[in-house]
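The ATP binding site feature in Swiss-Prot is assigned to 29, 30, 31, 32, 33, 34, 35, 36.
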């Protein structure tokens with residue numbers, strides 16, 4: 001509900017602040033006093049189109065602040081739009097002389113569109129030139145379903161519709177992408193089979209690179225051993241030693257040559273031992289020569305696979321896992337396509353059964369609502385008005401396949417047409433009041449504003465309007481701009497607007513009236529500028545004093 005409204009430099013207003021109450025709040029004032037300025041200020045703040053010249057003459061800016069109470073629906077809206085809820089809701093609009101408007105929710109800058117979305121959660125407006133939201137097609141459907149307690153049926157239908165559409169969408173995607181899905185399955189099947197067979201481990205590339213470097217160093221040692229063996233296996237070495245030994249043997253046991261003979265024998269033995277050791281080393285290198293070749297082949301293969309799939313070698317394992325997962329998903333999509341088709345048929349059948357059931361209920365409820373509204377309209381001096389609810393079939397939606405149109409005629413002999421096209425502002429407001437009275441505690445917004453709902457009525461009819469407004473105010477805050485004392489007399493809060501003509505400017509002031517001031521204002525509304533004893537007495541009676 002509206003908690004307070006503050007306005008500065010707005011049209012004819014210098015500065016004012018109003019605090020609102022629960023229940024019925026009426027706004028009165030002489031014709032031309034500027035009652036519509038308050039409504040303009042509210043619409044300006046909440047992002048709706050208003051007069052272009054809203055900044056008071058001589059000022060650089062205009063600003064309107066409104067404080068609202070909160071409910072869970074509004075809190076959820078704020079959270080969904082990343083605005084931190086506070087104890088109260090603070091909205092603001094600032095317009096500077098250059099024409100730019102800035103909107104704020106809880107001191108956070110927001111767009112005009114978001115402010116307008118928020119407004120739909122805060123209040124309804126019904127008046128001469130404004131009927132916000134209630135005459136939209138979806139709202140008329142909500143009125144009918146709320147009146148007939150059909151919202152649970154509609155929710156079940158909506159759930160079925162969403163499931164049906166999701167299944168259709170999934171089927172369409174599979175059909176559209178059938179070829180590409182099959183191609184991707186082929187690709188992933190080959191890739192996963194290849195990678196599984198290779199079984200490349202994390203860190204394997206680095207280990208193989210280090211091993212290759214080590215083996216390449218050993219390869220150099222192998223070549224050295226081969227070169228040495230080639231040298232010491234030279235036959236001339238053995239021949240030379242044998243010749244030397246034979247020459248010494250001819251000398252007999254000559255002590256002078258014994259040491260030389262021993263050295264030659266040792267040289268021969270050492271040479272044989274070196275040959276054996278070199279042969280053993282050579283034999284041990286045969287395996288490692290093979291291992292180097294195998295290592296290089298494995299390393300080359302890993303690098304080639306990494307380039308092929310454009311994935312780092314260490315990430316090939318993760319790539320394999322993801323590919324297997326995606327392959328499973330795609331195979332399931334193909335396998336489930338027939339199942340989805342059967343499911344789609346069942347959901348479609350269920351939807352039309354539920355929609356048909358809901359349509360039948362709506363037709364019954366529509367007749368009851370028409371009758372209820374006719375009775376209300378009689379009380380509001382619109383006995384000859386016609387109200388009809390036309391229901392036609394349309395394409396399936398989450399809310400059913402019914403096209404619901406509220407139609408009316410306010411003139412005898414005139415065919416009923418869409419309600420917002422045939423009714424005047426005052427008549428339309430009374431239609432809305434009749435609807436609200438019929439619905440009463442259903443579809444209640446935190447606040448409802450009626451702008452001059454009582455145009456063209458008086459006396460008993462005005463009293464009936466006041467009674468219904470009072471009843472409605474027991475479940476929501478009702479703000480009424482009125483000329484009728486019968487309506488104003490039922491207020492919980494009475495606000496008076498006055499326009500004062502000064503020497504150089506015109507000012508508008510706003511005041512919440514006490515009981516004595518209310519009696520005087522009601523008397524003025526009854527008799528005009530000249531307040532009489534009779535009008536004061538009548539005002540006293542309206543206030544039940």
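Every residue, even glycine, has its Cβ placed from backbone N, Cα and C.
Feature map: annotations from Swiss-Prot on the structure.
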residue: 29; record: ATP binding site; Cβ within 10 Å: 25
residue: 30; record: ATP binding site; Cβ within 10 Å: 16
residue: 31; record: ATP binding site; Cβ within 10 Å: 6
residue: 34; record: ATP binding site; Cβ within 10 Å: 20
residue: 35; record: ATP binding site; Cβ within 10 Å: 24
residue: 36; record: ATP binding site; Cβ within 10 Å: 21
What does DSSP call residue 29 (ATP binding site) in the simple three-state scheme? coil
For residue 34 (ATP binding site), name the DSSP secondary structure in the helix/strand/coil scheme. coil
